[in-house]
Amino acid sequence: MPEGKIIKALSGFYYVLDESQDKIIQCRGRGIFRKNKITPLVGDYAVYQAENDKEGYLLEIKERTNELIRPPISNVDQAVLVFSAVQPAFSTSLLDRFLVLVEANGIHPIICITKMDLAADGESKEAILSYVKDYQAIGYDVYVTSSKENSGLTGIVKHFENKTTVFAGQSGVGKSSLLNAISPELELKTNEISTHLGRGKHTTRHVELIHTSGGLVADTPGFSSLEFTGIEEEELGSTFPEIREISASCKFRGCLHLKEPKCAVKQAVEEGEIQPYRYEHYKEFMQEIKERKPRY
C-alpha cells in the first residue's frame, strides 16, 4: 500500500503528499479512526488506498515521534522560535518557556530574534546581543534577522532541508513576515501590532505544511497553550541543556537543584557557569509544576 505525509487537514479531508509518486492525494478518514479515537494530524505518516489519481482513503496512521496539541501537528523535527527585539519587547522568560516545551517534545529548537532594525537605541541592541551570546554558549542555534531587510535569513534556511519545521513564538513577533521573506510565494497574511493592546493578532487559521528550501515548513498559530501539563518535576532539568549536563555531578540522584546540599547546579550558578536568569526561570517553572492540580 502507498504511504505519504499529511500536509493539510481541512473539512474532513486529509491531503497526503506521496513523494515517491510526486503527487498529493485528497483522502477521507475511515470510521475505524473514530472508533479507536485516533485523529489524523498534519505531519502524520499515513498508509492510504488510492481510488484514482487524486482521491483515496486513509488506512493507517504510523506511530508518531512527537505530537503537539496546539498547533495540532506531529512528527516535528525542529521549531524556529521567533521573538522580536521590540514590539513586543524581548522576554527571556517567555523564550525559556518555549524552549522547555520544545525540548520536552524532542524537537530541536532554533532561536530567531527579528525586528532588530527597530531596536533603534544602542542599549537595547547591546542587551539583546548579550542574550544572543548567552544562548549560543548553551549550544542553541541563534539568528538575528530583520524581515523587512531580508537580512540574516540564510542561516535559518539552511536548517530546512529534509526536515519538518514549525515556526512558533509570541503573537505579533513577525512569524508570517519572516516566512514570507523566506518564501515570497506563500503570501501569508500579516497584521500590524494592535496599538490598543500592544500585541499582535493571530493571522494564521490552520496548520499546513508547505514545501520550501528542500523541506516542509508549517506556519502555525503559535503555541496558544504554554502550560507544562506533560512535564513532571524530575523531568524539568533535562529541558535545560546546561542543567542537564551539570546535574550528573550533583551528590544526590534525583536532585531537583532547589534546597538539596552539594548541588552542582547551584554551585555552577554561583560560579557564573549557568546564567542566574535561566536558573530563576527553572525555579519559577518548577513551582508552577508543583502547584499544578493532580491529574486523575
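Cβ coordinates come from backbone N, Cα and C, glycine included.
Marked as domain 'CP-type G' by Swiss-Prot on the basis of sequence analysis: 65-226. Under the heading GTP binding site, Swiss-Prot lists THR114, LYS115, MET116, ASP117, GLY169, GLN170, SER171, GLY172, VAL173, GLY174, LYS175, SER176, SER177. Among the features that Swiss-Prot reports, Zn(2+) binding site is placed at CYS250, CYS255, HIS257, CYS263, with the record citing sequence analysis.
Nearest neighbour of VAL173 (GTP binding site) by Cα distance, taken over the binding-site residues CYS250, CYS255, HIS257, CYS263: HIS257.
Comparing the Cα of LYS175 (GTP binding site) with the Cα of every entry in CYS250, CYS255, HIS257, CYS263, these being the binding-site residues, the smallest distance points to HIS257.
Across the residues annotated as binding GTP (THR114, LYS115, MET116, ASP117, GLY169, GLN170, SER171, GLY172, VAL173, GLY174, LYS175, SER176, SER177), the two Cα atoms farthest apart lie 19 Å from each other. On a Cα basis, HIS257 (Zn(2+) binding site) lies 33 Å away from THR114 (GTP binding site). Distance between Cα atoms for CYS250 (Zn(2+) binding site) and SER177 (GTP binding site): 45 Å, as a whole number. If you take the Cα of SER171 (GTP binding site) and the Cα of CYS263 (Zn(2+) binding site), they are about 37 angstrom apart, rounded to a whole number. Ranking the binding-site residues MET116, GLY169, SER177 by Cα distance from HIS257 (Zn(2+) binding site) puts GLY169 first.
Taking CA atoms as the reference points, SER177 (GTP binding site) and CYS255 (Zn(2+) binding site) are 43 Å apart. With respect to Cβ neighbours within 10 Å, the binding-site residues LYS175, HIS257 differ, and HIS257 shows the lowest count. Non-local contacts of MET116 (GTP binding site) by the CB criterion (under 8 A, 6+ apart in sequence, same chain) comprise ALA85, LYS125, ILE128, VAL144, THR145, SER146, GLY152. Put simply, GLY169 (GTP binding site) is 31 Å from CYS255 (Zn(2+) binding site) when counted between their Cα atoms.
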